[in-house]
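Asks: Here it is: the structure, laid out below.
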Amino acid sequence: MNEIDSIIQRILEGQDPTVEDVNLVCSKVYPILKHEPNVLRTTSPMTLLGDVHGDFDDVLEIFNIFGYPTDGKYCFVGDFVDRGDKSVHTIVLLFAYKIKFPETFYLVRGNHEGYNMTATYGFYDEILRRYGDYNIWRVFIDVFMAIPIAILIDNNILGVHGGLTPFLETIEQLDQLTRTIPDTGSAPPTQFPILKEIMWNDPSEAPGIQPAIREGGKCWGPDISAKFIEKNNLKFVVRGHEAVNSGFKWNHDKRVLTIFSAPSYVGGFHEGAALEVISPTEIQITKFRPKTWEDTLYDTVFNNFSPL
C-alpha cells in the first residue's frame, strides 16, 4: 500500500490526519491542480456535488450512496471547508482522492477556498486547534489558489461555484484568467470582476444585475443566463454556494441549477442533493438526508431524458 492509499484508509477508518499526512497530500496535489486548465473539460457519466463545508460524515455518506471514486467520476464545486467541524478530514480526503484519481476526480474552487473566508469561518481555527501551527493553514491556502474555477461536462453543462456575471460572455474568457493569485482581492483589475463573481454571485428572478442580500457578490437575472447559455450552446449552468433546504433548486426556466450537498449544515435541517450526469442527454438529481438522522434515505426526484 502506498502512502496516499494509507492516508485514505486511515481517514476512512476515522483517524485524524497527521501533520505529515497534510504536508504530503498538499505537496502532491498542488502540482496536479496547478497544471490543470482553468476550465476542466470532461464527459459523462459524472456525479457532481455542491458545498460540503467540512461535514465529513456526510461526505462519507455521499460515497456510500453514489459509490467511491474507484467506481466513477466525481466533481465537487467548491466550499469544501469552513463551518463544519471536520474540515481538515474533508479536504485531506478530497485531495488524496484527487492524487489517486487525477483524471476522474475533479475539484472546482469556491469562495471559501481563500484567505479571508477560511480565517473567519472556522478552517483556520480548526487547524490551530488540531496542530497549533499557522503555517499549515498557509500551505492549504497555497493549494486552494491552484484549484480550477469551472468544469464543462459534455460541452453542454457548465459548473462553477457561484454563478454568472455580465462581465462573462464566453467560456473561453475563463480560460484566459490568472487563477493562481494570493487572493481574489489582489487580482488584476480587468480579471477581478469575473474571478470574484463566478465564486460569489447568486441567481435572482429580477433582470440584469442587482445588489446581493449577503455581502460579497451580486445577483444576476434570467436575461443574463439566457444570453450566456445561448451564446455558449449550453443546456444549463450548475452551481453551489446557496444552502437550499431541499438540496437543489432550479432558477431561470431551468437554465440554472443550485446543488447543495451538506445536509448537516448548521444544525442539519436540510436535505442534500447530487447531480448525476448520466449521458449528454440524461441527468438525474438525487436527494439525501444527513447521516445523523436515524435512517439515511435518498430519492431520485428529477430525471431529464430530453435531447439537446
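Just so you know, glycine gets a Cβ as well, placed from its N, Cα and C.
Relevant sequence annotations retrieved from TrEMBL are reproduced here:
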DOMAIN    108-113  domain 'Serine/threonine specific protein phosphatases'
Asks: Tell me, roughly as an integer, the mean pLDDT over the domain 'Serine/threonine specific protein phosphatases' (108-113).
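Replies: Across the domain 'Serine/threonine specific protein phosphatases' (108-113), the average pLDDT comes out at 96.
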Asks: For the domain 'Serine/threonine specific protein phosphatases' (108-113), jot down how many residues DSSP puts in helix, in strand and in coil.
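Replies: Summed by class, the stretch gives 0 helix, 0 strand, 6 coil.
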